[in-house]
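Structure, as C-alpha cells:
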C-alpha cells in the first residue's frame, strides 16, 4: 500500500473547541492520514473521540492511526497505530494484526533502524527544526533527515517545526512525506 504524503497529528489544545470541525477542514485540504494523539484523555473519552474521528476519516477515505493505544485502535477499527520511541516493538502489533499500519517515532538513525528491523511501516523523524510542540527538544536538522532517509528502506516523514515554506527542502533531503500538527492549521 502506498502511504499518503501528508500526515496530520491531532492536538485538541491547538485545534480549539471545534475539534471535529478543525479536523474536517484539514481533511478537506487533502490530508489522507491522521494520527489521533490525545494522551491526556481517559480511556472512555479517547474511545468516544476515536469513534467520531474514525467516522470522519472514513468519509474522506483517510487512514486513521491511534497513538500507542492498540486496544482503542482495534475497538474503532482504525487502520493502525503510531508508536512512541519508548513503546513496545512494532513486531508485537504485527503479530496480533499483520494488516495494521504501524508508524514509529524516531529521533535518530539508530531508532529508525530499530523501527525498520522490528517491522514498522514508516517512521516520523523529529524534530527536524525547532518546534513549539516540544520547545526543549534540540533539532536534528536536514543532514540527519537525509542520512536516515538514505539508510532505511521504509518511508520517512519529516516532523517538527515544518512549515509550508520548508516542505520542499525536506523532500530534497529525502523525506517521503511531511507530518505535523500546527502546519495543517494554517
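Every residue, even glycine, has its Cβ placed from backbone N, Cα and C.
Under the heading 4-amino-2-methyl-5-(diphosphooxymethyl)pyrimidine binding site, Swiss-Prot lists 35, 36, 37, 38, 39, 67, 105, 134, citing similarity to another entry as support. According to Swiss-Prot, the feature Mg(2+) binding site maps to 68.
Positions of the features from Swiss-Prot, shown on the structure.
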residue : record                                                         : contacts (Cβ under 8 Å, 6+ apart)
35      : 4-amino-2-methyl-5-(diphosphooxymethyl)pyrimidine binding site : 7, 8, 9, 10, 65, 66, 67, 82, 103, 179
36      : 4-amino-2-methyl-5-(diphosphooxymethyl)pyrimidine binding site : 10, 46, 49, 50, 53, 64, 65, 66, 67, 78
37      : 4-amino-2-methyl-5-(diphosphooxymethyl)pyrimidine binding site : 9, 10, 11, 67, 82
38      : 4-amino-2-methyl-5-(diphosphooxymethyl)pyrimidine binding site : 10, 11, 12, 46, 49, 67
39      : 4-amino-2-methyl-5-(diphosphooxymethyl)pyrimidine binding site : 67, 68
105     : 4-amino-2-methyl-5-(diphosphooxymethyl)pyrimidine binding site : 82, 83, 84, 85, 123, 124, 126
134     : 4-amino-2-methyl-5-(diphosphooxymethyl)pyrimidine binding site : 127, 160
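In the three-state DSSP scheme, residue 134 (4-amino-2-methyl-5-(diphosphooxymethyl)pyrimidine binding site) is classed as coil. Residue pairs drawn from 35, 36, 37, 38, 39, 67, 105, 134, the listed 4-amino-2-methyl-5-(diphosphooxymethyl)pyrimidine binders, are separated by up to 18 Å at the Cα level.
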